[in-house]
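Residues annotated as domain 'DUF1736' in TrEMBL: 312-384. TrEMBL lists 500-533, 534-567, 602-635, 704-737 with the feature repeat 'TPR'. According to TrEMBL, the feature transmembrane segment maps to 39-57, 131-151, 188-208, 220-237, 243-266, 287-306, 338-359, 371-389, 401-421, 433-453, 459-477.
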């Protein structure tokens with residue numbers, strides 16, 4: 001029978017213990033006895049897990065890290081801590097219609113602590129925490145697997161016995177080195193999955209402790225059950241799937257503690273045995289009470305979570321999850337199952353890994369004649385075989401291990417399955433972090449079964465060792481790819497060549513590095529693969545605008561806003577292009593449309609101000625720039641343009657007031673210092689003007705105009721030697737500056753006249 005919580009002195013469980021020990025001994029040729037003591041087993045697992053992903057410690061912030069960390073205001077000290085409980089993972093308000101609804105405040109809190117302790121956005125400190133968390137999860141799994149493989153047994157003193165040391169160590173090693181974990185460990189945003197897994201495992205181990213505190217079979221500690229529920233809620237506040245641990249706890253309780261024998265129940269049903277009317281499971285009040293506590297705890301946590309979401313589930317687009325938008329229920333079902341088979345393949349052969357599997361990476365299966373249907377058949381053939389063995393095997397030990405392994409594989413995956421709600425991805429390696437523990441458990445069981453039924457035990461040992469070494473090397477290589485966006489994005493080109501987002505990200509990375517020609521090529525490919533990819537059109541239009549290819553830029557941006565009419569950034573960029581084409585009325589209309597769709601858009605107000613300045617509508621220009629600075633007080637360009645416009649129109653007093661206001665808000669902006677210094681010089685406030693010029697030059701010593709205008713100030717002021725010095729520096733920095741040449745010539749003639757006069 002399946003053994004539950006017993007005292008070590010009880011005799012009823014000895015046959016089961018012998019079967020476990022005999023089964024675990026089948027792995028003795030793979031796992032040496034020297035590392036079996038718990039301390040050494042955990043040390044080995046911890047070391048290997050850190051070794052696999054150590055290469056990622058000095059990586060950059062890549063991919064989603066930019067939005068979740070670098071651009072997330074919730075990490076900064078000026079944001080009240082209370083806001084974390086009302087914002088999503090990306091820093092947006094949960095009540096917003098545009099919110100992603102990913103509610104992970106405890107994960108964001110760890111980012112904030114990281115930011116504070118590191119003194120800023122230093123990626124290494126964030127990566128080190130992730131690597132250590134993976135090590136901690138891998139070490140915890142040694143204890144978890146020892147319970148799942150060996151059952152729950154305690155000595156008379158309450159110490160838990162590990163009846164499957166080899167199995168638990170091998171499964172933990174397979175988990176520690178699995179390459180599919182690279183996204184969670186090397187990508188900083190993967191901390192959500194790491195923390196969720198950590199508290200998931202602590203909740204499970206806490207639930208096991210509920211049976212340690214008592215020595216009478218069938219009893220439990222309610223306090224530990226409640227603590228397990230609390231830890232499950234904490235796991236959910238790190239990553240949504242953390243709450244599924246309560247389901248796993250219930251399955252464990254029913255199978256291991258309650259000792260439900262499904263095979264026996266089925267047989268009685270077939271024989272219409274009257275003993276089914278009051279099965280032992282239903283008579284077990286303690287079990288029912290514990291399962292009720294788990295159910296109530298899960299329901300309460302999910303209810304609170306739903307209330308916090310405010311506006312309901314997030315709105316995803318067809319490119320995020322195309323199968324969920326298919327009209328036919330059959331097409332949806334076939335594709336969902338194909339996605340499951342791809343996830344299974346990533347667990348079985350984690351060689352083709354990609355940071356993003358959306359946007360055409362996996363084309364829809366639209367007919368039963370598609371050869372990929374074979375993958376579905378293979379998946380369900382294996383699953384049905386495992387489920388049949390888990391339910392119907394005569395060996396109770398085999399039934400328990402397979403049932404718990406399948407439970408650990410399937411239950412944490414359910415939130416990502418599209419069964420209960422639409423998810424925003426096709427395949428995501430990060431969601432396999434917890435389910436992979438179930439896979440490693442089943443794989444370990446398979447190796448044990450192979451060892452038992454074959455005489456070539458050395459071959460099995462070599463196979464296991466080869467898998468561990470290959471996976472370790474793959475982790476190291478993949479960790480290197482996650483160190484920079486360039487390597488990460490390029491690595492995806494061979495895995496998902498049909499993914500428009502991959503080409504878009506490669507192009508964006510090239511554009512950021514100034515390689516516009518190559519960037520254009522990748523942006524064009526992204527638009528070819530997805531003709532409705534408005535972000536690729538917007539970025540391509542921007543580059544073409546900078547290269548003065550205005551006609552094509554306007555066509556692309558016009559198409560982007562036609563496809564997505566509320567795309568504010570594309571409207572603004574379209575306005576900039578139209579302004580360059582001297583189509584001022586159309587440009588103004590585009591800017592106004594952008595502002596209508598995004599009311600707080602300082603950059604758009606700035607560009608609108610530039611349009612008005614070109615049209616000599618000075619009052620409107622000043623008003624637009626004032627709006628920009630009201631929305632973004634550190635908007636240097638808007639402040640500068642206000643000062644320059646007021647200066648050029650002879651409003652020196654107002655220009656001075658605006659310049660001083662701007663420098664109070666942005667005291668270290670050298671361009672503002674320069675603009676205000678020019679105004680003060682014209683107002684004959686030479687001393688103060690000189691101080692600002694010198695401060696600006698100290699901040700930016702190679703600006704020829706700074707030296708040239710300071711020379712003009714000295715020229716007016718009568719400090720001719722200093723004027724000569726700065727004219728010469730300016731001309732050395734920019735020999736083609738005609739105005740400076742002319743002024744320098746005037747100064748030299750004046751100095752020559754003075755010399756003649758003195759003679």
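Even glycines carry a Cβ here, placed using N, Cα and C.
Comparison of 131-151, 243-266, 287-306, 338-359, 371-389 by number of C-beta pairs under 8 angstroms to the transmembrane segment (459-477) places 338-359 first. Contact between the transmembrane segment (433-453) and the transmembrane segment (220-237) is not supported, since fewer than 3 Cβ pairs fall under 8 Å when only residues 6 or more apart in sequence are counted. Counting only same-chain residues 6+ beyond the ends of the transmembrane segment (401-421), those with a CB under 8 A from a CB of the stretch are 148-149, 200, 240-241, 244-245, 247-248, 251-252, 255-256, 313, 321, 323-324, 336, 339-340, 343, 386-387, 389-391, 393, 428, 431-432, 434-435, 437-439, 441-442, 445. Taken residue by residue, the repeat 'TPR' (704-737) breaks down under DSSP into 28 helix, 0 strand, 6 coil. Same-chain neighbours of the transmembrane segment (287-306): 103, 210, 220, 222, 225-226, 229-230, 232-233, 236, 240, 243, 246-247, 249-250, 253-254, 257-258, 281, counting only residues six or more beyond its ends whose CB sits under 8 Å from a CB of the stretch. Across the repeat 'TPR' (534-567), DSSP classifies residues as 27 helix, 0 strand, 7 coil. Each residue in the domain 'DUF1736' (312-384) has a pLDDT score, and their mean in this model is 88. Sequence-distant contacts of the transmembrane segment (131-151) (same chain, six or more residues past either end, CB-CB distance under 8 Å): 2-4, 16, 20, 24, 38, 41-42, 45-46, 48-50, 53-54, 56-57, 160-165, 167-169, 171-172, 175-176, 181, 184-185, 191, 194-195, 197-198, 201-202, 204-205, 208, 252, 256, 400-401, 404-405, 408, 437, 441, 444. Residue counts for the repeat 'TPR' (500-533) by DSSP state, with H, G and I taken as helix and E and B as strand, are 27 helix, 0 strand, 7 coil. Residue counts for the repeat 'TPR' (602-635) under DSSP (helix as H, G, I; strand as E, B; rest coil) come to 27 helix, 0 strand, 7 coil.
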